[in-house]
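Features of the protein shown, as given by TrEMBL:
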- Arg58, Thr59, Arg108, His136, Gln139, Ala259, Pro260: carbamoyl phosphate binding site (BINDING)
- Lys86, Arg169, Arg218: L-aspartate binding site (BINDING)
- 9-148: domain 'Aspartate/ornithine carbamoyltransferase carbamoyl-P binding' (DOMAIN)
- 155-294: domain 'Aspartate/ornithine carbamoyltransferase Asp/Orn-binding' (DOMAIN)
Amino acid sequence: MTLTQLKQRSLLGLKELSQEEIESILDRAAYWENHETKVHHTLQGKFAANMFFENSTRTRFSFEVAEKRLGAEVLNFSAAVSSVQKGESVYDTVRTLESMGIDVGIIRLKPIGVLAELATKIKVPLINAGDGNNEHPTQALLDMYTMRKHFGQLKGLTVSIVGDVLHSRVARSNLWALQKFGVKVNFCSPPNMQASELDVSYVSMDEALKSDVVMMLRVQLERHESGMLSSAESYREHYGLTVERASKLAKHAIIMHPAPINRNVEIDDELVEHPQSRIFPQMENGVPIRMAVVERALS
Ligand code: NCD
């Protein structure tokens, strides 16, 4: 296989992916979602390795369910119980699994840039499961899928992404992908959590509440420098989706959040499973999206 073909099968981010390619992934996910049989033989005899160098619950299990539903053999690697603890590098770890014959690697990493470099050295297709605060393509795909399912189409929607944009790969992947579809994307965040390098308008919380989609982000304390968050109460007061604020949403609007959730900080407890919330459906949609992405990598 040529390097170009390999690159086409990898999924490192949505910034470089065309609208047509994104659409074909969403369509294929719809095919899998509507397929009643749970386990297929599509990827029988193929080995998928989930390599998580950073913690994960939803993304890791969702990939594993997707791979198993496609009939693949699944290997799970978690940095906490591997030789990474002995100082083995990311490259050596991935190269080790490659030499054992895996057919696709799903990778989550803390530092930005390592994945792009790995992709030039590793021969099997790689799928980004979140790299630093850069991109999280499968999360944005499942978010777009959830929006498309609710509204019928993406074009013309207004999506406000609220919260800790600075540390969010979810915000970046959504921004870059949604703009390709003619979606108006706004950000709303405290001044010290804004990402100045991104070409996007920042709006007030009142303005954000007028959107078709209000996507709340987790306050990502593990990525903060000390003192970024004065208190959870004051964050909720200024940037939280409270029950009172949610009552101002249009009837057709939906609430989203990639999770994990800090309940009663960025979103009130009562709103997580509110009729307008799509938080658990987002997780549900993650499986067919990842089936489409893994299948694409191995087809
Ligand atoms: C997100 C992530 O890891 O970037 N979560 C996820 O994959 N569902 C968002 C977050 O951690 O806040």
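Numbers here mean position along the shown chain, with the first residue as 1.
The backbone N, Cα and C atoms fix where each Cβ goes, glycine too.
TrEMBL feature annotations superimposed on the structure.
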| residue | record | DSSP class |
| --- | --- | --- |
| Arg58 | carbamoyl phosphate binding site | helix |
| Lys86 | L-aspartate binding site | helix |
| Arg108 | carbamoyl phosphate binding site | strand |
| His136 | carbamoyl phosphate binding site | coil |
| Arg169 | L-aspartate binding site | helix |
| Arg218 | L-aspartate binding site | coil |
| Ala259 | carbamoyl phosphate binding site | coil |
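In terms of Cα spacing, the binding-site residues Arg58, His136, Gln139, Pro260 that come within 10 Å of Arg169 (L-aspartate binding site) are His136, Gln139. On a Cα basis, Arg218 (L-aspartate binding site) lies 7 Å away from Ala259 (carbamoyl phosphate binding site).
The most densely surrounded of the binding-site residues Lys86, Arg218, judged by C-beta neighbours within 10 angstroms, is Arg218. Within the domain 'Aspartate/ornithine carbamoyltransferase carbamoyl-P binding' (9-148), the DSSP-based counts of helix, strand and coil residues read 65 helix, 26 strand, 49 coil. The Cβ of Arg58 has fewer other Cβ atoms within 10 Å than any other of the binding-site residues Arg58, Arg108, His136. For Lys86 (L-aspartate binding site), the nearest of the binding-site residues by C-alpha distance turns out to be Arg108; the candidates were Thr59, Arg108, His136, Gln139.
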